[in-house]
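One structure is given below, encoded as structure tokens.
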């Protein structure tokens, strides 16, 4: 049995199947919350708001559209994703769409039993990915938004949902998304899967992975660049004791701080298990990469170790620039 499931099995393995939530939902349960500089608190995207707010009028279709996709037991109005959305619109006037599929992610009830709905939530990721892809097609064909201007950011299960959206748009004969940022992609039910069954580096032109928990997240290299924050395991500031959920969530906070601040979280080349990372002081723009929205502009590819501090903005390299 996979270690990541063993505790749940020990505690709940003998429960009647009828007690395990199935987290059913359909496409009508998926909401899009839109954030712009004019709608800083977010509005629910509907046909009416599309027309009334003219979100994709000709004068704005050239700007970047960013989808944010939450994970298990979460929702599109989670404070961490709101903070990220607001950082994005302040940074560069992005149009941000937070995807809310909370029913399918088992967030409908605050119950311990919700954790047992994980396998159903895993299956729902494909449906959400297809829904995002279908909406992407609408943006491209009806509103003339370029695929090169669309970015997906997903945390945990949301990272794989983004990957499935990336696969689906290619099936729809669209170009690839410009970027997918996988924030500690969920490990259980995915870490031994091949590319068709998880987020993969071929799902977008550039796939950035931020690893923060080797318990709840995938630990293997799956992106164009894979950043292992504090070696991709226990994160500073998450307490002395075992706290995988805190480390898992740190991936969202790291990217948000990279968006908000000029300080660069520098990744230095690292061959997992086989080498000690080189000191950041030896980095050049050709060998190392800054975590964040502009990672694609650096030529280096592969796996990178990133030292981080316990508190925001988490930079461990004050005064060092690439």
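The backbone N, Cα and C atoms fix where each Cβ goes, glycine too.
The active site, nucleophile annotation in Swiss-Prot covers 156 and rests on similarity to another entry. According to Swiss-Prot, the feature active site, charge relay system maps to 184, 248. Annotation comment: Swiss-Prot describes 23-106, 195-200, 238-246, 263-290, 264-315, 283-288 as disulfide bond. Per Swiss-Prot, signal peptide is recorded for 1-18.
Around residue 238 (disulfide bond), taking its Cβ as the centre, 20 other Cβ atoms fall within 10 Å, counting all chains. Here residue 288 (disulfide bond) is compared against the active-site residues 156, 184, 248, and the shortest C-alpha distance is to 184. Remark: of the disulfide-bonded residues 23, 106, 195, 263, 264, the most isolated position is 195 (fewest other Cβ atoms within 10 Å of its Cβ).
Ranking the disulfide-bonded residues 200, 246, 283, 288, 315 by other CB atoms within 10 A of the CB puts 246 at the bottom.
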